[in-house]
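Notes follow the structure.
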């Protein structure tokens, strides 16, 4: 009996267990049925016309996101820098030109209006370079790095102001080699006064060699002119200038190809080295706007600079008379300082951070670009326009450039810098500025724009 009762108890336990398992399975089946039923209900609800209301809300949200993105990019481009407070000076210059004939104010306001636009143009080029890679990014920087000076030169060349073109391009080289590099060396030397700062001697010597080649291209037409040894008077000098310009463009193209294929850029080695030591570098180098946003803003800024450049060039001679300042001083000193404002600030900032290779890439690299690309390019464009633009920059300007390049070449030959070298370069620039302030250009009268 005990065994029977024990057996029956075990059987009852088994039956209870089987009942509990059956109940659990039944509950799970019911849940599955309910979930399928709910899925059918939701799918039937999705099939109802309520989805149109949901899509409308989605479109509204996407429109709001687009507008927010546009507003955010406008805020970054136009309001992120204190320098952008000068942007209204451009429209103000147009207003003054419409209402009055005060060329001094038109020139001054146009000058101030171009400064922030030149800085933003360089920034937009850097943003686009994030999406294109180092090779195309280097080409973009080479193309747009001195876009402001080239735009101003194109307008002056179109109006027949050949001396303004020559002197502004010459001033850009002098400004970069003496003023920008001098400020970078001086600021870096003060910030790191306990040691000499080091930079890549090989790159510096290569750029110095290219600058000397550019000086040679400018020197021979001037010597040919002043020694009166032309084979065909009035024609040989121009023919030599055009031939030399083509050779210089080929040399600069070869240099650019060499730099992009063998070294990528001045920035790459330092960026990699800093990336190993600084974890936050990637955040600093992240692009702030989209690829198409960079392209659009690059186009807008280039167009805006072109418009202001026309007002600036038209007011140069009137401003020279009203402010009693020689045209040579305006062309060689004032115009290049405006075009190089962004590069000036960037070179000093990198020197203070002990990144002199980048400072040299900005200052000397920009000078090389103007000397080997900007000047020959203007000669070729003048050839196409029928303007007698040549490489004869006159004896005074050529001698100034020759001495400045020699001074810089000697400063860079040992691969070190300190605040005293920077001070010497700045004092040399002061001498150059004072010389052009008292210099009377004998060719300026012949280059007055002709009325059409």
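Yeah, the Cβs are placed from backbone N, Cα and C, and that goes for glycine too.
Unlike curated records, TrEMBL annotations are generated automatically.
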Listed range which TrEMBL flags as transmembrane segment, given the options 66-88, 135-157: 135-157
Annotated transmembrane segment segment (source TrEMBL; candidates 169-192, 265-288): 169-192
Listed stretch, out of 104-123, 295-313, 320-338, 358-383, that has the most CB pairs under 8 angstroms to the transmembrane segment (239-258): 358-383
Leading stretch by Cβ pairs under 8 Å, where the reference is the transmembrane segment (358-383) and the options are 169-192, 204-227, 295-313, 395-413: 169-192
Recorded stretch, among 104-123, 320-338, 395-413, 419-440, maximising Cβ pairs under 8 Å relative to the transmembrane segment (295-313): 104-123
Seg_contact(the transmembrane segment (419-440), the transmembrane segment (320-338)) with at least 3 CB pairs under 8 angstroms, min sep 6: yes
Tertiary contacts of the transmembrane segment (169-192), as residues 6+ beyond its ends and Cβ separation under 8 Å: 146, 149, 153, 211, 214, 331-333, 335-337, 339-340, 343-344, 347-348, 350-352, 354, 356, 359-360, 362-364, 366-367, 370-371, 374-375, 378, 393, 397, 400-401, 404-405, 407-408, 411, 417-426, 428-429, 432
Chain residues outside the transmembrane segment (395-413) and at least six past its termini with a C-beta under 8 angstroms from it: 166-167, 170, 173-174, 177-178, 181, 185, 201, 204-205, 208, 211-212, 215, 218-219, 222, 226, 332, 360, 364, 421, 424-425, 428, 432, 435, 439
Counts of helix, strand and coil residues, the domain 'Sodium/calcium exchanger membrane region' (294-436), according to DSSP: 119 helix, 2 strand, 22 coil
